[in-house]
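Undergrad: Have a look at this one.
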Amino acid sequence: MLGNEIKVILLDIEGTTTSIGFVHHILFPYAKQNVEEYLKKEWDSDEIKQIVQDLQQVPSFEVYKATLVDSSASSITVELITGFVRYLIDKDLKVTPLKTLQGLIWANGYESGELKGHVYDDVKEAFEHWNNSGLKLAIYSSGSVAAQKLIFGYSTSGNLLPYLSAHFDTHVGHKQEKDSYINIAKSLETNPEHILFLTDIPGEADAARAAGLQAIILQRFGNAPLTDDEKSLNKIINDFSVLKVDK
């Protein structure tokens, strides 16, 4: 049950609302597979020109070029940038121009119907219940706000964006830092003790509690196992069904 003191529920995405494997097993491979076609189609657009320029400033770009057979080639081609983007994805290097490009490719996939944002079966019902009970819902994820909105706007349970009041990404700070949650509480104009944070990562729950928020750990199927210490220090639930508002 949720006490009357809770005014806002702040949710993580991966491992909380969405399968831990969705981003790595569906979204990343989709971007990797479709990057060349997308670049060919949009190569002359101002947006892609800027991304290509920014990618060339990434330190790994020269490292990547040195691995090529013709490493002295100076022309910037679709093939060169495609190869570098795939290299970054394989190395799991999270650089801003890559994130921006991935977001554009994913948007294309969602809009065409090729992609659906995975959410667990209990998510829509919980969102409805919490909203109907007067609670605000907000998302905090390391994925960009744009990527968050695609997952929930084109989800397997339909468009869930109307249930969500706010979205936060690493622009407010990293997820295992106390100040990030202080910044979120200020942005939401809500006292920290009135915010419940739901996540699958104990370090994030610790940071949220250090900022004065309440926190609960989701132990969904497929999530990383918790240590005995983590189990003893945290309230743990398997899904959202137990989080009913105490009328």
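Placed from the backbone N, Cα and C atoms, the Cβ positions cover glycine too.
Pasting the feature list from Swiss-Prot:
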- Asp12, Glu14, Asp200: Mg(2+) binding site (BINDING)
- Ser141, Ser142, Lys175: substrate binding site (BINDING)
Undergrad: State the count of C-beta atoms found within 10 angstroms of the C-beta of Asp200 (Mg(2+) binding site), not counting that atom itself.
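TA: Around Asp200 (Mg(2+) binding site), other Cβ atoms within 10 Å: 21.
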Undergrad: What other residues of the same chain, not counting Ser141, Ser142, Lys175, have a CB atom within 8 A of the CB centroid of the substrate site?
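TA: The surrounding set, listed in chain order, is Asp12, Ile13, Tyr140, Gly143, Asp169, Thr170, His174, Glu204.
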Undergrad: Which is it, of Ser141, Ser142: the one of these binding-site residues whose Cβ has the most other Cβ atoms within 10 Å?
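TA: Top count of Cβ atoms within 10 Å goes to Ser141.
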Undergrad: Enumerate the residues of the same chain, Asp12, Glu14, Asp200 excluded, that satisfy the criterion Cβ within 8 A of the mean position of the Cβ atoms of the recorded Mg(2+) site; list them in sequence order.
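TA: The surrounding set, listed in chain order, is Ile13, Gly15, Thr16, Thr17, Thr18, Ile20, Ser141, Thr199, Ile201, Glu204, Leu218, Asn223.
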Undergrad: Would you mind listing, in sequence order, the residues at least six apart from Glu14 (Mg(2+) binding site) in the same chain with a Cβ closer than 8 Å to its Cβ?
TA: Ile20, Phe22, Val23, Ser141, Gly143, Asp200
Undergrad: May I ask which residues of the same chain, at least 6 positions away in sequence, place their Cβ under 8 angstroms from the Cβ of Asp12 (Mg(2+) binding site)?
TA: Ile139, Tyr140, Ser141, Lys175, Phe197, Leu198, Thr199, Asp200, Ile201, Glu204, Leu218
